[in-house]
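S.K.: According to TrEMBL, the protein has these features:
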{"type": "REGION", "residues": "1-20", "note": "region 'Disordered'"}
{"type": "REPEAT", "residues": "62-104", "note": "repeat 'WD'"}
{"type": "REPEAT", "residues": "105-146", "note": "repeat 'WD'"}
{"type": "REPEAT", "residues": "159-190", "note": "repeat 'WD'"}
{"type": "REPEAT", "residues": "191-232", "note": "repeat 'WD'"}
{"type": "REPEAT", "residues": "236-277", "note": "repeat 'WD'"}
{"type": "REPEAT", "residues": "323-364", "note": "repeat 'WD'"}
{"type": "REPEAT", "residues": "365-398", "note": "repeat 'WD'"}
């Protein structure tokens, strides 16, 4: 074992003479069973948080949380404003490249599981496993209202805003979906019918319908005004296990859903019929997204999951357009605005930028020492923000991927 040299100070003994230790210097002897000694670990052969190459490509690190981070959102109106939430029961508003500015959002009694900015950027909704949604003024960080709905200890799985107003939609572990008017702090409707936790959902971009997916392996389509259940999508050829993610085309015509069973299906929202089944994943599909220009007759989409794959799909063919392999499972996914590029966040703590046309990995960003749980892009397309179980959010520059060609 290598030991540091003795510190002799100025006692006059540090004269360069060799010092010898013999048996008379032994104080105690202990027998050690070699089987109890830990195995030697080769350099670079660490697991979990130790599996870190020391490279940090981030330009800003937010470390205000005291626990794992689960969610991140970027303001649609302010390119520097970011919100994060996590296992310390807190949310934060902070600014990119402003390390001296942060507002703590206090009041939740359990983990903050979801965050979403209103379309105009004036309000932020935070959903928590305590079953409560809180609404915050993004200019001041002050609490506007607390919206209570689900009973008992049923947590909020996700929160979304109406595309044209201050209406909030939230999915709950109690198998229901709730809707409130944030300006009046008023309950509007509850959408009941699922038989298990509502894991994903959203308004359609035209605001005329709601799609929700559940652990009961169904997707339901609702009328937001009347809370009427218009369609229930279930059974063959649909999913056989719980839904994990949902995306909707910009023309409000198609919904793309992924499931724990590894399947991906496309549903016509007007009819409730499965129109395409996309088969290629071999494990749970964790995230799905459409390209910004996707519509009923022409679309591109991306799905990713625990099988360590990102798959790009195109309406021109039933098989994958390309498959992008990762070292670990993929937890989060983002199509970068109107570009050809797709960003992924992975269990290995890395963010990657992929060319959706060629399938090539254009850039890998390192810095996190734990799994990435959520990613978001600034509204100007210059920055990508990632939230990780390592307790930090990191900002990476992605300006070079903003408007690079058609997709």
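Cβ coordinates come from backbone N, Cα and C, glycine included.
Situate these features within the shown structure.
M.R.: Summed and averaged per residue, pLDDT over the repeat 'WD' (62-104) gives 97.
Long-range neighbours of the repeat 'WD' (105-146) within the same chain, counting only residues 6 or more positions beyond its ends whose Cβ lies under 8 Å from a Cβ of the stretch, are 67, 70-78, 81, 83-93, 152-164, 166, 168, 170, 172, 178, 180, 182, 185.
Using a Cβ-Cβ cut-off under 8 Å and counting only residues 6 or more beyond its ends in the same chain, the repeat 'WD' (159-190) has close neighbours at 114-119, 122-123, 125-127, 131, 133, 135, 144-147, 149-152, 196-203, 205-207, 210, 212, 214, 216, 222, 224, 227.
Residues of the same chain lying 6 or more positions beyond the ends of the repeat 'WD' (323-364) and with a Cβ under 8 Å from any Cβ of it are 51-52, 280, 283, 286-293, 300, 302-312, 370-377, 381, 384, 386, 388, 390, 396, 398, 401-407.
When Cβ-Cβ distances below 8 Å are used as the criterion, the repeat 'WD' (365-398) is approached by residues 48-49, 52-53, 55-63, 65-80, 82, 84, 86, 96-97, 328, 331-334, 336-337, 339, 343-353 of the same chain, each at least six residues removed from its ends.
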S.K.: By DSSP, how many residues in the repeat 'WD' (62-104) are helix, how many strand, and how many coil?
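M.R.: The breakdown for the repeat 'WD' (62-104) reads 0 helix, 25 strand, 18 coil.
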